[in-house]
Amino acid sequence: MSAGIVGLTILVLIKSCMSFDVYSNACEDYSDYVIRYWSRRCYYNPDVLSNTPMMIIRNGFPLESFTITTQDGYILSLFRIPTGNNKSNGTVFLMHGIFLNNSVWVQRGNKSLAFELVEKGYDVWLGSTRGTKFADSHLRFNTSSKDYWNFNLDSLAYFDVGAQLKFIAQKTKKRITYIGFSTGSTLSLLYSAGYPSESRTLLSGIIAMAPTVYVQDIQLLRHFKEIVAPLERELARLKMYGVFHQHYINKVLVQICATLPHFCKKLLEMFAGKLSTQFLPDELLLFFSNCPSGTSFQVLKHYLQMAESGDVHRYNYGRDNNLKYYHLSEPSKYDMRYVKIPAYVIYGRSDIVATETNVKRLFGELGSTRKRLVGVSDFTHLDFVTAKNVDQQLYSEIFRILQEIY
């Protein structure tokens, strides 16, 4: 190999690490990313590094944006994609999982669940949880404040979910079907169990995809347990109380993944289990464009507490603060028997995050008289939002359920 070719190769690799070529940000094979400047198997995907409103508009759908302030002062953006029909088939609220934001519902072009729902005549609303993009403001605190990050799963379920559902119901005068993924599903069930009367008034049904309610056998949480104490001390020393909320993180990750795609694939597998063949390499940078998204360290600790106890309960502040917040020395448990609205639980048989054992335990405890459990063959956790055949294996089931509800 001549010195000139070696020099050119080095320059290209340096450029790969320092910048991101917008004309080649999706490749059909992981190995092509390194040579994406000349590979014919790479192309430009405009949705890479795009946000939710940009993708909705780019795909030709109408967009309505609303700002909601929760009871405890958090300011959330709520996006609506109204149906073009004079009469909708129903109102649907979509809630993302942890480390994600509402872009997950619109980032896959014509395979996006939000767009398919609109095409079938549903009035679609995209929810947010505090700390994520478009939901990181507060009336008094900013994200550099410790007080801003003083929230857990209870806060997300009651304040964030509750406020958005009430707003939608007031706006549409209709009951809502809640569709969630992972933590988004968990929040619907915590909300319904914790506030059964309110949830029955607002919701016509829940479709819970890969719910992480019982989490005692999640391997990642076992690893997290070993480092939580020193990690919490170090983050407190650095005055960091939230994780992954910095807006530059996704841009940096996309640049890294364009150069080291196999590393980023392993990174995904570390958090969500081995990727199935349903995850396409050309969606790698698209996925990292909005993931990870922000949440609080307290939310992660809440999951860890439930993993250790084997139950689903409110956040444990410690005896003294439990007495202050709950007037109890121990936090109360969520009783899933109080979930009385129609509930449809969909899980992946190869999911190591929302495991089959835990999901079946949850399903057995639900108090709904109308409930159904659906297992999707070979689906892993991320397949619910990334699988190439998601429309055939998952969406078809969702649409059948919606017809049952409405």
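Glycine is no exception: its Cβ is also placed from the backbone N, Cα and C atoms.
Positions annotated as active site, nucleophile by TrEMBL: Ser182. Shown in sequence order, Gly97, Ile98, Leu100, Met209, Ala210, Pro211, Thr212, Val353, Ala354, His381, Phe384 are the residues of the chain, 6+ apart in sequence, with a C-beta less than 8 angstroms from the C-beta of Ser182 (active site, nucleophile). DSSP classifies Ser182 (active site, nucleophile) as coil under the three-state reduction.
The active site, charge relay system feature in TrEMBL is assigned to Asp351 (among others). Sequence-distant contacts (6 or more apart, same chain, Cβ under 8 Å) of Asp351 (active site, charge relay system) comprise Ala210, Gly273, Phe379, Thr380, His381. Under the three-state DSSP scheme, Asp351 (active site, charge relay system) falls in the coil class.
Sequence annotations record features per position, and here TrEMBL assigns active site, charge relay system to His381 (among others). His381 (active site, charge relay system) counts 27 other C-beta atoms within 10 Å of its own C-beta, drawing on all protein chains shown. Look at His381 (active site, charge relay system): DSSP puts it in coil.
Sequence annotations record features per position, and here TrEMBL assigns domain 'Partial AB-hydrolase lipase' to 54-108. For the domain 'Partial AB-hydrolase lipase' (54-108), the DSSP-based tally of helix, strand and coil residues reads 9 helix, 20 strand, 26 coil.
As annotated by TrEMBL, signal peptide applies to 1-19.
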